[in-house]
Amino acid sequence: MPAITLPDGSRREFDHPVTVRDVAESIGKGLARAALAGRVDGRLVDLSHRIDDDVQLEIVTDRDPDGVDMIRHSTAHLMAQAVKELFPEAQVTIGPVIENGFYYDFAYKRPFTEDDLKAIEKKMEELARQDFEVHREVWDRDEAIRFFLEQGEQYKAEIIEDLPEHETISVYKQGDFLDLCRGPHVPNTGKLKAFKLQKVAGAYWRGKSDNEMLQRIYGTAWPDKKQLKAYLHRLAEAEKRDHRRIGRAQNLFHLQEEAPGMAFWHPKGWQIYLEVQEYIRRLTRGHGYQEIHTPQLVDRSLWEKSGHWDKFQDNMFITESESRDYAVKPMNCPCHVQVYNQGLKSYRDLPLRLAEFGSCHRNEPSGTLHGLMRVRNFVQDDAHIFCTEDQIQQEVADFIDLVFKAYNDFGFDDVIIALSTRPDERVGEDALWDKAEHALEEALNRAGLEWQLQPGEGAFYGPKIEFTLKDCLGRTWQLGTIQVDFSMPGRLGATYVAEDGSKKVPVMLHRAILGSLERFIGILIEHYAGALPPWLAPVQAVVLNITDRQGEYARRIEKRFRERGLRVDADLRNEKIGFKIREHTLQKVPYMLVVGDKEVENNTVAVRTREGQDLGSMAVDDFLQRLESEIARLGRSNSED
């Protein structure tokens, strides 16, 4: 008879088989009411799951991330039930959980409208209130295929046909609705109390463009209405900060259909781009990196040697010339090895740090493109360090310092660090993996950093550290990485002469601080809601004359500031001063310098900030000093000086 071990180490013994629900009820009525599922020996199961043997059991509630995912998954099924009741001819396909929500793909004869979404959501609320029990059943494969074909659900039948022969075919029933699913699910629809349908988008069946186009309905679901409301508020705030909207409003960049996934940078946006690029250039140059530049178009033979032709070909732009196949480079690493390979290298030459603002192209599906965040053409602040095994730890430690300086200078201080270790399928001896993983771990520990371990998540060619930023809305963005590579240098013939005269293959460290510059600028725009720190702002101050009498004075101030390398404009238009102030405030210019007859007489400027603060009258030299001091702080606040 089963003995159940609970998370606190206590044991409960039963003289008969029990369900997860039975155990929850034996612990307490409150837990039984809150229970959504169980985790039996680490495996997530329904509350109705029967336990016959001794196991370790955790009761899963909506305070558990798995519990929240179950709510979202079950809400996707609730949506499918509502769609079938309202649109019986619709076919149901797949509906997984995604970050903060879920989606379900449907095949239907016409596009779903906004009114349809409202009707579906209303029907979902009605079905949830009916509090249907959710039952799991195991079916025979042929019986399941026959049932779904009879119901007109061809996609479900196809899914079952493609499952491995040994796979258990389980279905879940709630009310009159029945759906194919591995589960687990919440025990009844009454547990689904806080959800919102968000949008409809197109999606190909199984993600293949030669398959049918389906309709994907996205939604979000939360344990309670308070959390839902907070999430919708964050979404609304994110919408205000959308870099695409701000990019148009501030005339920074645009995208158009003739070049999908590739940005057209306008003068002000390009100024931001150059400032970010130049910052990284100065930072890396000061840490011993040498900047290089490599070709955009490279013969397929190099990509075959590196392994990218076999593994990455679908994401490459390929062309042919004079009977030779070329690929526009999707990454820079094989080209950097070619630079390393020019000339004999000694152990005295290592570590060798090669950096490039490498322009890469990847043939991302058009449906995944999103402003600057997901593009087809991007520039990486890419670098590769060629070193010995014994140099890994110091190089990683130096890179960690570099990363944190950069993030702090850009105004980010909340960084999540993850160490990914060896997967089951890998190259290289275990002793080498031991050494590399220890070096990465030791570098993190010596820096006094908190980090998360991701066992088995490393690449097949080496372990890695990933750096993820949190922005002002609490969203996470994976940016920096340093990746140990035991494979590529050997594949591409990289060697060095060791101290004992033997030839050895160097270790290669792939590393980036920002990753895609385009994506990082999109993150910056949203983090600051377009109000970039003065050092990054495309226009740092604007001089505004009240009447034509101050025009010459305004031009002299503009000229003087520009001679100091500052980005200052003079707006001499014949417009009311209030209009000009409002316009430049909306453009998020950090400072507006108003000049009238009094300012001309006293050689001063009346300073206003984009936040609406009136700093009063300042001598031109005093404001110049203030602005230069603020720029020198970069993205750091006064308290960090």
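Glycine residues also receive a Cβ, built from the backbone N, Cα and C atoms like all the rest.
Predicted, not measured: the structure shown is a model, and the values here were computed from it.
Here Swiss-Prot flags 1-61 as domain 'TGS', drawing on sequence analysis. What Swiss-Prot lists as region 'Catalytic' is 242-533. Here Swiss-Prot flags C333, H384, H510 as Zn(2+) binding site, drawing on sequence analysis.
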Other CB atoms, at most 10 A from the CB of H510 (Zn(2+) binding site): 22
Chain-mates of C333, H384, H510 with C-beta within 8 Å of site centroid, Zn(2+): M331, N332, H336, V337, D382, A383, Q483, D485, M488, M508, L509, R511
Coarse DSSP state, helix versus strand versus coil, of H510 (Zn(2+) binding site): strand
Other CB atoms within 10 A, centred on C333 (Zn(2+) binding site): 20
Model confidence over the domain 'TGS' (1-61), averaged pLDDT: 93
Three-state secondary structure, H384 (Zn(2+) binding site) (per DSSP): strand
Neighbourhood of H384 (Zn(2+) binding site) by C-beta distance under 8 A, where only residues 6 or more apart in the same chain count: N332, C333, H336, V337, Y340, R353, L354, M508, L509, H510, R511
C333 (Zn(2+) binding site) in three-state DSSP notation: helix
Within the domain 'TGS' (1-61), residues counted as helix, strand or coil by DSSP: 14 helix, 24 strand, 23 coil
